[in-house]
Each structure stands twice: as C-alpha cells, then as structure tokens.
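Peer 1: Submitted below is the structure of interest, expressed as structure tokens.
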There are 2 protein chains.
Amino acid sequence: MSVAGIGEFGLIDRVTARLTHGAAVLLGPGDDAAVLAAPDARVAASTDVLVEGRHFRRDWSSARDVGHRAAAANLADIAAMGATPTALLVALCMPADLDPAWAEELADGLAAEAGTVGASVAGGDMSASPTLTIAVTALGDLGGLAPVLRSGARPGDVVAVAGRSGYAAAGYTVLSRGFRTPKLLVEAYRRPEVPYAAGPHAARLGATAMIDVSDGLLADLGHVARASGVGIDVRRDAFEVPRQMRDAAQALGVDPYAWILGGGDDHALAATFPPAVALPAPWREVGRVADGAGVTVDGEPYAGPAGWDHFR
Amino acid sequence: MSVAGIGEFGLIDRVTARLTHGAAVLLGPGDDAAVLAAPDARVAASTDVLVEGRHFRRDWSSARDVGHRAAAANLADIAAMGATPTALLVALCMPADLDPAWAEELADGLAAEAGTVGASVAGGDMSASPTLTIAVTALGDLGGLAPVLRSGARPGDVVAVAGRSGYAAAGYTVLSRGFRTPKLLVEAYRRPEVPYAAGPHAARLGATAMIDVSDGLLADLGHVARASGVGIDVRRDAFEVPRQMRDAAQALGVDPYAWILGGGDDHALAATFPPAVALPAPWREVGRVADGAGVTVDGEPYAGPAGWDHFR
C-alpha cells in the first residue's frame, strides 16, 4: 500500500478522520481554507519546515516522533512571542511509495503535540515529492498582551531559560554515532519537551525579550543581543549537566557544554527580564544583559560552535 | 554564488530586505513569529505547496512566475471563502547550489501577487533540500461575513464562474509539447489571473457555496456537489473558446473542452447563488444546481478527465 495507491483525496480523508479540533477551530479541514478564532483581533503566525535527511531521519525517529518534533518547532515559536498556540496548518510532501500509515502516524504526532496546549491541526495540503518534507504553520493568540520581541533586552536585565538545553543535541550525537541510548537523550531528540506555558507566563511577568532556542542557545541569544543592541553574558555553571549527558559526553569524547551552549532542537525558551522580577519555575537565571555587543560565556568569547546553519 | 555560499541568515536578510508590508502586518519577518491584524476576531487560513517537477518547472517558468503562481494558489483559497487576503508565510526548501537570485526573484513574485490584493509576505522559513519546494500559508479577513463553504449549494441555485477556465491547462499542454506560444495561454499558465475581489463580492451577494478551481472545474464542482448533497449540471456553451485556444487545440489534436472543464490551475472562482441574485461581472452563469448527485455536462455524464490527483 502506498500513498499513490490510495490517491490524494483518499489520503486526505484518512488523515483528517484522525483529527479532532480545539475550541479555536471554527472551521476545520475540508473547505478552501480553515477559519480560526482570533479573539484579540491579532494573530501570531510562524512557519517552520522539516526536510528528511536534514531535520529528521526515518530510521532514527518514528512518524509519530517526527510529528511531535514538527509541531513543537512551530508551537515553540508562538510561545516565544508570549502567545498561546491555537492551530497548525501542515503541508506534507512525500514520496509516492510512502506507506499511508506513515502519514497517518505523523498526523497523530502533530495532533498529540498540539493537543498539549489545546491547539489542533486545522488544515493543510499534500503533494507527492521525491523528498519527504513537512512544512508547518502555527497560529496563536496573544491574549491582549504585546508580543515579546527579540529587540527589547536592556542592560541590567536577567537572562533566563525555561526548558532543556543540550539534551536534543546530545541525543542527535548519540544517534549519529550509531547508539540508541541513553534513552533520556535520544528521546529528547525525538520529542522535545517544550515548556509552552512559560512563554505567555513570561509575557505577563514583564519579559523584555524572548526567543525559542532552535539554532543553539548562544546563537539564539546572539539574535537577541543583535536585535536589542546589547551584550549578553552567560554563566556556564548555571547549567546542570545531567548524569546521562556527562556519561555520554565522556564516552563519546565530547565537551557537554558544546551541546548545552551550541546545540539547538530542544526548543527551550530564552528570555530577558528586568532584574526586579522574581522568576518562578521553570524559568532559571543563566546570565545577564550588559552594554556592548555579542554573547560571551563567563565573560570570555566562546570558542565552540554556537549554532547551526541550515544550508551548511 | 549559491545559497550555501551566503548561508541561511545571509539569504534571509537578502530576501526580507526586498519585502514591504501591508497594513495588516503588525510585525513582519525577523522575530519568532509574525503578528497580523485579524480585525473581525477570526482568521481564514489555507496552505498550498508547490513542488518542482510536479507543480512547476524552472525551464518553463521564471522564479518570479513561480512566486506569482504560488501566491495565487493560496490567495485564491482565501478569496473562495469570501475573505480578503492579508498575509502570506512561505517555507522555501531549495538545493544548496541554487543561485540566491532565484530565491530573491521568487520573493519578488510572491510579494507582487500578494500586493495586488493589499496583502504581503509576513514571515517564513528556509531550508536546504534536494527538491525545490515552496509551501505557502495565506491568511485572510472575513470582514464580518460568514465564510462561504462548499456545502451550502441548494437545488435551484445558479452555478457561476469568475475568471478563466482552461487557459492555464492549455498553456501547460502547449509547453509540454515543446512550444512557447500562443503567449496568451503560456502566460496564463505561468501567472494565473485570479479575480480575487469576486470572492468577497460573492459573499456579500449571498453566494450559497464557493470554491477555488484548482483541481479542474468539474472536479471542483464535484466537491461542491458532494459537500452540499446536490447535483450540478454545467452547460458547455456557457464557455467561450477563445481563438488562440481553439487554434492551439486544433494544432495539438486536443478537445478544448478537456482544458475548460477538466483543467485546473487558472484559480477561477466557482460559486452557487440563489436564482434571484443578479450576477455582476466577472461572474457569469455556467449551470444549475438540482436534486441528485454528481456533476453532468448538458445533462449527460462527462467522459473526459474531470481533474487532477497530485499523487498520480
């Protein structure tokens, strides 16, 4: 059985039959467009694309895992504006010989990850393609608050992170060396655990800038520093190295801070807050904003790789 | 010069520098998400993907043409709900050796087509991929009206079309036989001329159902008939065959009605209206809704191809 065998409309029927819709979906799949609630008369919208062989491998991740990751990458962008995700639209390009079950399980993963924040898959498109590709657009509601931009960090602000750093990058390295454990790291790569609610919470706490950590912590803080016209210093000892990561780093001959500071794909949230704000969990302080430019670690330039360029 | 040579962030900078933003774009590219105005507290959202070799060929269409077509396919979906497009988000996957000028000219085409309705490119993502792929999400504003669904056609309604039928399909056939003329048809394939404003206008006139003709006129009217639980009969003589199309059909040994009734890609709008509605241009009556099921032509089943399956 292949997607070519059941055809475009057959596959669309099979996939949409598996989807349920959240409260924001006023009209779901099946018409020319979906209609979503945008209660505060604005909508936050972000698009992220995953390409097989570059963002995922079918021998490393199940279809359901890829769905979780594709949804998380987009939902985290919405959370990083301080918004609450409402809906996903999904363009799925797939080889004609793909098993339809793969597409169905992908949809299950997308729907399950979106469901953790009350969002759902509201529409999409499918096409055959030589390259398995998943482009997701996430929409979200700002709940009456101003969006938290990358450009608002001010000297004296505290830099804080919510969510994991380096787990997914460590899991990627483990898999790329041919191992399947430690499970903690491999699973973190397969399905990021994103503290979505920390995004709108940060907006309510008065965060001055926020970003989703997808390129790598230092690279993404670099985006904040550049947009805000400030310097950022990160303290290495603010990051705990979990035992499984320390063991894996030792076994593989890797500096675990290369994962923590340079690895993306955990989709943690990084934000800056005025120093007077008492930071509730899961936010934890990891550095400070100062006059200047660029990102330093413990006051020094960082020699390791800071992030990831999707063309290189 | 290649996209790999200038890198992901270099290319994003070059492309976004070419974009201007319409009134609905409250926050454009450069942050984790865009923020768009959704003045009536709802947003219409649709995703369509174009894959090289399947939806376009670089030797048949310029990058700018592909941008126009990719935008039009999505903007027409928004118009077919009775909504006015506000913004596009674009996921662009491209071979690492692609000339950056191709991506820049694609963006120019997307922006120019969106600009014809006051919309603009508000965000997106880029990745390397072996397969050149453009996934576009369009957002739109319903202006306080109910969305016009596929499911509202009633027996006795008039079936009407706004926009061209068969021109793009004829242009595709001409190109696939190795010709580059007639220009009217080839240009119609390269850059569809979509009567976007006819969508919201139809909603205000009381259209009972509407759809964007992308799979083929009879196939898309079939979607309306099925969703509405009615039958639709189309009159062949309602469609004028322009001279260039008649000549090309004769030269190529093709029935021009195969293009008009079965060809997609013109992104005309097809709608049903209560019989009392006086239809203003560009709407023109092409058939009637009746009790029953399926689509007939002059009262008879249609023997030719009714449309296009994107997996076959």
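Residue numbers in this text run from 1 along the chain shown.
Each residue, glycine too, has its Cβ placed from N, Cα and C.
Note that TrEMBL annotation is computational and uncurated.
TrEMBL feature annotations, pasted as is:
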type    : residues                               : note
BINDING : A:ASP32, A:ASP77, A:ASP212             : Mg(2+) 3 binding site
BINDING : A:ASP32, A:SER46, A:ASP77              : Mg(2+) 4 binding site
BINDING : A:THR47, A:ASP48, A:ASP125             : Mg(2+) 1 binding site
BINDING : A:ASP48, A:ASP77                       : Mg(2+) 2 binding site
BINDING : A:HIS55, A:ASP265, A:TRP308            : substrate binding site
BINDING : A:GLY124, A:ASP125, A:ARG150, A:SER214 : ATP binding site
BINDING : A:ASP215                               : Mg(2+) 5 binding site
DOMAIN  : A:30-140                               : domain 'PurM-like N-terminal'
DOMAIN  : A:154-243                              : domain 'PurM-like C-terminal'
Peer 1: Given binding-site residues A:SER46, A:ASP48, A:GLY124, A:SER214, which are under 8 Å from chain B when comparing Cβ atoms?
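Peer 2: From A:SER46, A:ASP48, A:GLY124, A:SER214, flagged as close to B: A:SER46, A:ASP48, A:GLY124.
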Peer 1: For the binding-site residues listed here (A:HIS55, A:ARG150), tell me which residue's CB has the most neighbouring CB atoms inside 10 Å.
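Peer 2: Most Cβ neighbours within 10 Å: A:ARG150.
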Peer 1: Using a Cβ-Cβ cut-off under 8 angstroms and a sequence gap of six or more, which residues of the chain neighbour A:THR47 (Mg(2+) 1 binding site)?
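Peer 2: Listed in sequence order: A:ASN74, A:ALA135, A:VAL136, A:THR137, A:ALA138.
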Peer 1: May I ask for the distance between A:ARG150 (ATP binding site) and A:ASP265 (substrate binding site), taken between their Cα atoms and rounded to an integer number of Å?
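Peer 2: A Cα-Cα distance of 19 Å.
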Peer 1: Near the residue listed as 'Mg(2+) 5 binding site', how many other Cβ atoms are within 10 Å of its Cβ?
Peer 2: 23
Peer 1: To the nearest whole angstrom, state the Cα distance for the pair A:GLY124 (ATP binding site) and A:ASP77 (Mg(2+) 3 binding site).
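Peer 2: For A:GLY124 (ATP binding site) versus A:ASP77 (Mg(2+) 3 binding site), the Cα atoms are 19 Å apart.
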Peer 1: Taking the Cβ of A:ASP48 (Mg(2+) 1 binding site) as the centre, count every other Cβ atom within 10 Å, in any protein chain shown.
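Peer 2: For A:ASP48 (Mg(2+) 1 binding site), the count of other Cβ atoms within 10 Å is 27.
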Peer 1: Rounded to the nearest angstrom, how far is the Cα of A:ASP265 (substrate binding site) from the Cα of A:ASP212 (Mg(2+) 3 binding site)?
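Peer 2: With the alpha carbons as reference points, the distance is 10 Å.
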Peer 1: Which one is closest to A:ASP125 (Mg(2+) 1 binding site) in space, judged by CA to CA distance, out of the binding-site residues A:SER46, A:HIS55, A:ASP77, A:SER214, A:ASP265?
Peer 2: A:SER46
Peer 1: Just to be sure I understand: of A:ASP32, A:HIS55, A:ASP77, A:ASP215, A:ASP265, which binding-site residues have a C-alpha no more than 10 angstroms from the C-alpha of A:ASP48 (Mg(2+) 1 binding site)?
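Peer 2: For A:ASP48 (Mg(2+) 1 binding site), the binding-site residues whose Cα atoms are within 10 Å come to A:ASP77.
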Peer 1: Within 10 Å of A:SER46 (Mg(2+) 4 binding site) by C-alpha distance: pick out those among the binding-site residues A:ASP32, A:HIS55, A:ASP77, A:ASP265, and say none if nothing qualifies.
Peer 2: A:ASP77
Peer 1: Taking the Cα atoms as reference points, how far is A:SER214 (ATP binding site) from A:ASP265 (substrate binding site) in Å?
Peer 2: 5
Peer 1: Summarise the model's confidence over the domain 'PurM-like C-terminal' (A:154-243) as a mean pLDDT value.
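Peer 2: So the average pLDDT across the domain 'PurM-like C-terminal' (A:154-243) works out to 97.
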Peer 1: Would you mind sorting out which of A:HIS55, A:ASP215, A:ASP265 (the binding-site residues) have a C-alpha within 10 A of the one on A:ASP77 (Mg(2+) 3 binding site)?
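Peer 2: Checking each Cα against A:ASP77 (Mg(2+) 3 binding site), there are no hits.
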Peer 1: Please report how many Å separate the Cα atom of A:ASP215 (Mg(2+) 5 binding site) from that of A:ASP32 (Mg(2+) 3 binding site), as a whole number.
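Peer 2: Distance (Cα to Cα, whole Å): 34 Å.
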